[in-house]
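Per Swiss-Prot, the features are:
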| type | residues | note |
| --- | --- | --- |
| COMPBIAS | 272-283 | compositional bias 'Low complexity' |
| MOD_RES | MET1 | N-acetylmethionine |
| MOD_RES | LYS80 | N6-acetyllysine |
| MOD_RES | LYS91 | N6-acetyllysine |
| MOD_RES | LYS118 | N6-acetyllysine |
| MOD_RES | THR142 | phosphothreonine |
| MOD_RES | LYS150 | N6-acetyllysine |
| MOD_RES | SER275 | phosphoserine |
| MOD_RES | SER292 | phosphoserine |
| MOD_RES | LYS298 | N6-acetyllysine |
| MOD_RES | SER303 | phosphoserine |
| MOD_RES | SER314 | phosphoserine |
| MOD_RES | SER319 | phosphoserine |
| REGION | 15-120 | region 'DNA-binding domain' |
| REGION | 130-203 | region 'Hydrophobic repeat HR-A/B' |
| REGION | 203-224 | region 'D domain' |
| REGION | 266-365 | region 'Disordered' |
| REGION | 367-525 | region 'Transactivation domain' |
| REGION | 380-405 | region 'Hydrophobic repeat HR-C' |
| REGION | 495-525 | region 'Disordered' |
Amino acid sequence: MDLPVGPGAAGPSNVPAFLTKLWTLVSDPDTDALICWSPSGNSFHVLDQGQFAKEVLPKYFKHSNMASFVRQLNMYGFRKVVHIEQGGLVKPERDDTEFQHPCFLRGQEQLLENIKRKVTSVSTLRSEDIKIRQDSVTKLLTDVQLMKGKQESMDSKLLAMKHENEALWREVASLRQKHAQQQKVVNKLIQFLISLVQSNRILGVKRKIPLMLNDGGPAHPMPKYGRQYSLEHIHGPGPYPAPSPAYSGSSLYSPDAVTSSGPIISDITELAPGSPVASSGGSVDERPLSSSPLVRVKEEPPSPPQSPRAEGASPGRPSSMVETPLSPTTLIDSILRESEPTPVASTTPLVDTGGRPPSPLPASAPEKCLSVACLDKTELSDHLDAMDSNLDNLQTMLTSHGFSVDTSTLLDLFSPSVTVPDMSLPDLDSSLASIQELLSPQEPPRPLEAEKSSPDSGKQLVHYTAQPLLLLDPGSVDVGSSDLPVLFELGEGSYFSEGDDYSDDPTISLLTGSEPPKAKDPTVS
């Protein structure tokens, strides 16, 4: 800010008014007590700043502020000279401030033109600053836009992951439910298969090629059952009480009946050729039977009447009711088939009392047979093959990956309420009643002589069916029961005595197990 020039001031016109006023003020001898040149003439001194500000500054400038005067000096390039004594901690006694400029010299007023005011390029600085700031703002906006795009991308990815997570959780829940249902189905299948295995274990299932009794051919192995029951009779009194009155008319299964031999009936599934059996009797008894395969059963010839065993037989019981060893399954199955009234003749085989092997019979005699219904080998084999094929197909379907199961149908099919033990089996009381009916006498007993003289002796019919029956466990049967006195005591003793010689008869040797073992046929499974 230029001040008006004081009195006595003169200078070129291009010199700033502040410099002109300063030159006049320093050169005025009236103000030497407050401001004057230095002895060298290169600078000037301000002796008392307070008094100078009050008395001198208002005369030349429009203010009395010492700080403003110093700021103007600095704007024109004047610098404050600092002495050594002024740089200490102790305040100097004299208030003296010295300012100097290279072009402000005593006696050289023309140099004032060289003193220029410092021009501050405010506009340039502002434009550069604004440019820098604009670049920074642009870069910042670019970064913000990039960050915003990344944030939107992350939001979209997060939303997609959220949807995928929800879908995965729904799939996991569905898979868990399907897994639980499949576990239930598998458990039902396992229970069903276990029940089948248990039922097959209880049933007396035979091999594919069981034995048929033949006359003179090579002996076959005995039929194999799930449980082996001995067919030997017990000599002497048994552990069971006396039979009920329903058994009084027959000596079959009587504990005190003494016999050594008799016809043996065994069910077979294949008819093997054998030599015909001749007998001195008449023709074969032709009675109506169901359409079933026939099985040949060897019949012993009548023995001479002077046998001591025949004479020692009980006179109260006819010889036609002599005990005959039968298979328990054959007997019970044949009884259960008797739901319809069918004429069944009582078995009246003759007893071989000679204690010797039977004499050879003439080959020209007519063949005598007993008709027994039995399963055919091919039917049984086809049935077993079909069961194996069904089990293999079931296993293949369960192990395949693309197999879908209707759980509702399977759960209804394999419910625990439908098991093998729930099958409708014949009641024990009705079975026992049928046994008593069968064992009751069908006709009045005839004397021994009339039985021997009858031409139809030894031609009785036995009705048999191959229906499977669940056998009872001998250990679970009460020993004191008198309903079935012989079914579970067959294995306690030998049917034939040790003194009898039946080594030549293959049929009796098969029942006693005295025949030497033979080489196993490789075709027999």
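Each residue, glycine too, has its Cβ placed from N, Cα and C.
The region 'DNA-binding domain' (15-120): residue composition by secondary structure is 44 helix, 14 strand, 48 coil, according to DSSP. Residues within less than 8 Å, Cβ to Cβ, of LYS80 (N6-acetyllysine) and separated from it by at least 6 positions along the same chain comprise VAL70, THR97, GLU98, PHE99.
On the 0 to 100 pLDDT scale, the model's mean across the region 'Hydrophobic repeat HR-C' (380-405) is 78.
Every protein chain considered, the tally of other Cβ atoms within 10 Å of the Cβ of LYS118 (N6-acetyllysine) stands at 8. Here the region 'Hydrophobic repeat HR-A/B' (130-203) is broken down by DSSP into helix, strand and coil counts: 73 helix, 1 strand, 0 coil.
Here the region 'Hydrophobic repeat HR-C' (380-405) has, by DSSP, the following mix of helix, strand and coil residues: 20 helix, 0 strand, 6 coil.
Cα of THR142 (phosphothreonine) to Cα of LYS150 (N6-acetyllysine): a span of 12 Å.
Within the same chain, no residue at least 6 positions away in sequence has its Cβ under 8 Å from that of LYS150 (N6-acetyllysine).
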